[in-house]
Amino acid sequence: MPWFKRVEKGIHTPTEEKKETPDGLWYKCSECKAVTSMAEHRKNMHTCVKCDYHDRIGSKEYFAILFDDNEFTEMDENLTSGDPLDFTDSKPYPQRIAATEKKTGLKDAVRTAYGKINGQDITIASMDFAFIGGSMGSVVGEKIARAIDHARQNRTPFLMISKSGGARMMEAGFSLMQMAKTSAKLALLSEEGLPYISLLTDPTTGGVTASYAMLGDFNIAEPGALIGFAGPRVIKETIGKDLPKGFQSAEFVLEHGFLDFIVDRKAMKQKLTDLLTMVLPKEAPKSEKPKKRKAAQAS
Ligand SMILES: [Zn+2]
């Protein structure tokens, strides 16, 4: 017996009278289920107005939040992945790349750019989870390496915003090499005395955690972000024990000494600026330099 029975017959609504709710007008928090308008959610930097849940965002949003007036110069924007292993899972890798490009409008899982943050020059690399789970393939590694080179050549600090499921399985060993490559470039940045801030966002896992995400002079995270190497299920199955509450959350990782601090996204730009102001070497005003030289000659 049906649960609902249409008593009146022949009820039709002409197409022009049908009303549809426009897409993306409302945002429902996946944590506390509170509903707000999309405009307000955006204004709140994609964090929940009720419970402060930090919704996942991509490079487009992070660049808009951090770069002054959303002005920046993107680097290597057309670098795309090859298919070195001739890899096929449910579909050939080149087809997967093409489909993802079409769906997301992105060329790979990271975008790199330089510009200013509160007037201070900065180079930023920001990952996109929407592109094959933010997986790290050769393009990701190469773009990050080149962004670090840009920071070194122009003597700017480097900010890495990680958001990744780990290495890209379709590039297997080539993915793993990116860990070594980016780490080596970061070592050069460090030798030149330029600061590297690593911001870990939800989620940062696998080979990304095992390389550049944990190599910052400061490793910081957004509240509630999942940070780990292997996923909780794999660990649970391996050790055969239940995991502690809040395992692999940013707060748990902070308490266990893997992070320097956690920053609310709404305070992110100012916090980063304050941090850079503290660590960047102060340049003496140009007029003072000749004076110093004279003093040295006199003595
Ligand atoms: Zn909420």
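Numbers here mean position along the shown chain, with the first residue as 1.
Each residue, glycine too, has its Cβ placed from N, Cα and C.
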Could you tell me which of the ranges 29-51, 52-74, 144-166 is annotated in TrEMBL as zinc finger? 29-51
Given the recorded Zn(2+) site (Cys29, Cys32, Cys48, Cys51), which additional residues of the same chain have their Cβ within 8 Å of the Cβ centre, ordered by sequence? Ser30, Glu31, Lys33, Ala34, Val49, Lys50, Asp52, Tyr53
Which residues does Cys51 (Zn(2+) binding site) neighbour through Cβ under 8 Å, counting only same-chain ones at least six apart? Cys29, Glu31, Cys32, Ala34
On the DSSP side of things, how many residues of the zinc finger (29-51) fall into helix, strand and coil, could you say? 6 helix, 4 strand, 13 coil
When the binding-site residues Cys29, Cys32, Cys48 are compared by other Cβ atoms within 10 Å, fewest goes to Cys32
Across the zinc finger (29-51), the model's average pLDDT, rounded to a whole number, is 95
